[in-house]
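This report refers to the structure that appears directly beneath it.
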Amino acid sequence: MSKKSTGSSHSNNQSSESARTFSAELLEMANLETESVLGHLETRLAGLSTSDADLRLKRYGVNEFAKEKRLSVLMHLVNNLKNPLVILLAALALLSYLTGDLRATLVISVMIVLGIILRFFQELRADNAAAALKAMVSNKATVVRDGKEEEIPLKLLVPGDIISIAAGDMIPADVRILSAKDLFLNQSALTGEAMPVEKSSDIAGDELDNPLEIPNLCFLGSNVVSGTGIAAVIHTGGKTYFGALSASIVEKRELTSFDKGINGITWMMIRFIAVMVPIVFLVNGFSKHNWMEAFLFAMAVAVGLTPEMLPMIVSVNLSKGAMMMSRKKVIVKRLNSIQNLGAMDVLCTDKTGTLTEGEIVLEKHLDVHGETSAKVLHYGYLNSYHHTGLRNITDEAILKHGDLEETLQANVKYHKIDEIPFDFTRKRMSVIVEDETGMNTLICKGAVEQIMSCCSRVEIDGNILPMLPEYKDSATETVSGLNAQGFRAIALSYKEMPGAPDEPVYEIGDESELILLGFLTFFDPPKKSAPEALKQLETLSVDVKILTGDNEVVSTYICKEVGLSSGGILLGPQIEAMSEDELAKAVNNTSIFARLSPNQKELIIHALQKNGHVVGFMGDGINDAPALKASDVSVSVDSAVDIAKESSDIILLDNNLLVLAQGVMEGRRVFGNIIKYIKMAASSNFGNMFSVVGASAFLPFLPMLPIQVLTNNLLYDFSQTTIPSDEVDSDWLKKPRQWKIRGIEKFILIIGPISSIFDYLTFFIMLNIFNCWNNPALFHTGWFVESIFTQTMIIHVIRTNKIPFIQSRASWPLIISSVAIVSAAVFLTISPLAKTLGFVPLPSFYWFLLAVMMVCYVVLTQLVKTWFIRKFGD
Ligand SMILES: Nc1ncnc2c1ncn2[C@@H]1O[C@H](COP(=O)(O)OP(=O)(O)OP(=O)(O)O)[C@@H](O)[C@H]1O
Ligand SMILES: [Mg+2]
């Protein structure tokens, strides 16, 4: 059930062809010195001027490629016409025309045009709304213009722009690196290779034949995992490698469970038509020997069975849901994900910034024994001060101790030599600084277990001692004590390296034989809205699990604070040792997953999905991106890093957990209205078929004229356009709602035939009370009216699990459209059009009988529905 891999499906096999897709200009730039690159692009390190950038924007166009561009109005219309249901109707109209049935041609054409116009405008509106929503969360790039750094929307980048990139950023165009520091990129969208690759300003040798491996080129579609860099934009939009690639390849996006559900239903109905229509044709043909008439009738029945309103109902429902949510500051980037939000029964979330405030404060700086130590603070400050990687709350909290700047003079007395950047698997980072005496010191900070594993010595009261087990225990105890009070702790270690090189040549291997110095502790209070939000999710039967890189003690504390029942803990290292099946077994009963690597977050999502859950994930960091991509519905916040926002379906503009429960309800409401339509349309179609086939067999004339079948269908279509406005009972919203095709089928098979009972009753009445054996027109009119009444009535019974009208009432637009449609049907039988359509006035006794039948019909359907729900569930 994964989705939206914007290209990972076209992976390695491209590299052989890639030389052709890459522009010669790009490859040429890779071999030029910085100066010549700038000259070539007619730019400077101080950036373009605003006026120049404007000119270039006109010349090169906006930085978007075909796949992202919105469809033009014309394309929308064409897409509408390409719909299989429209094509089916058009074919039927053509056949009617060829067989000389001009009235049917006219009615079908009116249906096609009305359907298209309705859908066209509804969808255009939905599309405009979706685009407006997307624009609210557009990613930005940091560019230098007129010598100043500024943030501009990615769209406005032009060739020649100088940009700066840092961990978490998306690469916004195809760029040439001018300078870089420990810059690692994930290019998996282009190459399928998940391991980060290093990039630098080095000029490539000739031996590289794959341009994606050239170190000084970065491509749109990749993202920065760690490090920083300055780069010049070479190509934007459709001229980028990714743009060219995605234009030439028909993107095979995996379907969500929702898409599959809708397709499944559509095909079910089409298969039904394919089987039933020939039967109707043959039965009428053989019994009445007028094959032409039988053919026209069968075609009209085919039109009647076509669920031509389904696409419109779906898209209008979804966009209405998205608009509702945007009012609560929730932006839905992918419309289909609304339904997944309603179907979700497990929500995984990271901890910091989601459950907690995420505005952490450095509280204590302690030595191994838990005593306050100034040296710990000083070394921590030096480390944070000289670190250049991803801006993060930990370093920001440390740097808030600005008073240290004066005493320590981190910049004057210490000269930075190198940095070993943070990554989420190592969970630590180091800087190497040289002090005034020329001594090089490596200062490493990070997750406690990770640092301890690199330390062979420990500093106690200024003495450096070997790391004896008792010191280790003492340190662990200190940390656990702090964690249990809700403090996050990171460990600090260092080593002095006399005579070590003053060049940036240090690497991860140098983080060894360290001296454990102590701990920095931070307080990250739980969000005030968290307990309430979690309670709401619980009442909605959504199971919440925590997936965090932090350790288990702090996580347990936070869970307790926010009122999340902690049903078992699983740690990253334990997961490492598990097989896929073992993990799948373990995940269900675990609510806290701690000390995870990004990859393990993804594994857990997959394991839950394997167990049949629809899984949501909420996170905001680089380390959350794989899990966001893997989940069925991904949620992020506006302050998240680019790659997290890019990987998410839904963005919370306000970082407020309470809206999440509302979103879940909205998703279920949208789904409820879609399911309603499907149940109604399919069961009344199914019932009608029963009646049509039976009546065809024993009547000496056609059960209804083709033109009447079409008119009936047209009226019914109209009555359904108001369904998206309808309410869904609040009881129905309490459970996760997933596609259950079997259940829907069963419902249709049982409810459908009830309408047939009343159809047959009508036949009986028309034939025997009103003597219609020789009066087909009266028979037709009687059935036409009864059919419209029952179909419209059934909407109100099926739309709720409760007693219609009494316990649950439809929205006003739906009530009004229902009344309007039945009135129109009655009016047609006496209107000037009656003759054209083959109607005659009905006797007053008919109306009395109809009223009695309607009451019986509603009661019977209601009883069967209640029985059905009790037996099979809703
Ligand atoms: N700037 C930093 N310097 C050193 N170590 C860090 C830094 N940031 C995080 N760490 C360490 O890496 C661990 C994992 O990072 P982090 O807590 O952000 O992961 P996460 O999975 O996003 O967790 P959370 O659920 O809290 O957001 C932290 O517990 C901490 O020990
Ligand atoms: Mg995080």
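Backbone N, Cα and C atoms are what each Cβ position is placed from, and that goes for glycine too.
TrEMBL annotations:
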type: DOMAIN; residues: 28-101; note: domain 'Cation-transporting P-type ATPase N-terminal'
type: TRANSMEM; residues: 77-98; note: transmembrane segment
type: TRANSMEM; residues: 104-121; note: transmembrane segment
type: TRANSMEM; residues: 262-283; note: transmembrane segment
type: TRANSMEM; residues: 295-318; note: transmembrane segment
type: TRANSMEM; residues: 747-771; note: transmembrane segment
type: TRANSMEM; residues: 777-798; note: transmembrane segment
type: TRANSMEM; residues: 810-833; note: transmembrane segment
type: TRANSMEM; residues: 845-864; note: transmembrane segment
Two-stretch contact, the transmembrane segment (777-798) and the transmembrane segment (845-864), at least three Cβ pairs under 8 Å: yes
Cβ-based contact of the transmembrane segment (295-318) with the transmembrane segment (77-98), 3 or more pairs under 8 Å: yes
Within the domain 'Cation-transporting P-type ATPase N-terminal' (28-101), residues counted as helix, strand or coil by DSSP: 45 helix, 1 strand, 28 coil
Selected stretch (most C-beta pairs under 8 A with the transmembrane segment (262-283)) from 77-98, 104-121, 747-771, 810-833, 845-864: 77-98
Local confidence of the prediction over the domain 'Cation-transporting P-type ATPase N-terminal' (28-101), expressed as mean pLDDT: 81
Contact set, same chain, for the transmembrane segment (845-864): CB under 8 Å, 6 or more residues outside the stretch: 750-751, 754-755, 757-758, 761-762, 765, 769-770, 782, 785-786, 789-790, 793-794, 796-798, 803-804
Beyond the flanks of the transmembrane segment (77-98) by at least 6 residues, Cβ under 8 Å: 71, 104-105, 108-109, 111-112, 115-116, 119-120, 123, 266, 270, 296, 299, 302-303, 306-308, 310-311
Positions on the same chain near the transmembrane segment (810-833), where near means CB under 8 A and six or more residues out: 711, 715-716, 718-719, 721-723, 725-727, 781, 784-785, 788-789, 792-793, 795-796, 799, 839-842
